[in-house]
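What TrEMBL says about this protein:
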- 152: site 'Required for activity' (SITE)
- 152: N-linked glycosylation site (CARBOHYD)
- 159: site 'Required for activity' (SITE)
């Protein structure tokens, strides 16, 4: 029947923005068209603001470059990284939607073992709309998936779960490795598709990757600050991990969950390991101090909102990590500036109706 195949309305069509940081034309969106075209894009252009970025026809988008960021945030624009994909978090700040999906421009549509193309966004939405179980591990992984449930011995009092703040997706082909691992395994490719989603347990940190990530902006948005990285900073490639560590400490404190696993994307190109090593060098050294810092970080009972949690964390960064390097004093100040800018653009903690638009459609 000709009229019987009317496509259903895409999930969360009016409640989700897709944030993409880029320095190049977004040709990769052609491949994503069946899955992403119905949604609104926020493109954060890094590098030279005079360069014109081309977006495939038919996409609804707004595009912000460095000039727009400076105009909208004024002096507070200092907290947004320059010449680094960490600039994407500006898109989180100016979004007016409840959910965010962020993806890198070298990420293509992956296929599952049966050869079917994976709708990564749909899986992120499923993860975000189902509860998490951070307080007790279910050995069948995500109990809310079709064909799974809570195993024998799982406390009934915990089976309702808690809200899911973050959905962390994975990658086929080029894995998300640091420079030393890239250098010793230059030809390694991830071909292993694991059909699983699990909640990261309370008290356990993880290295968050920003190239295939969904989150509940309304719930956890102010903690999703990708730090001060890139141009003029002594570190790069730790932006998403910094956000992940801060977010996990805050989610543990406020009783929310983070899921990792499906969906997979196809990561198409490995970045240069020698360039990466230069960016990561300090981070590789510092992370041995950073991880114990976040593992032992506790927040007071007064921290009842994400903003309060984040500001308290910034004080601890200044007090404890400032001794490690002056950079952390600057980062702690930028964390405060970020929260001030967030609250300015999102006065009620939610939508802002008088936000200046970027260029684009």
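Cβ coordinates are placed from backbone N, Cα and C, and glycine is handled just like the others.
Neighbour density at the Cβ, taken as the number of other Cβ atoms within 10 Å, is lowest among the recorded sites 152, 159 for 152.
Between the C-alpha atoms of residue 152 (site 'Required for activity') and residue 159 (site 'Required for activity'), the distance comes to 12 Å.
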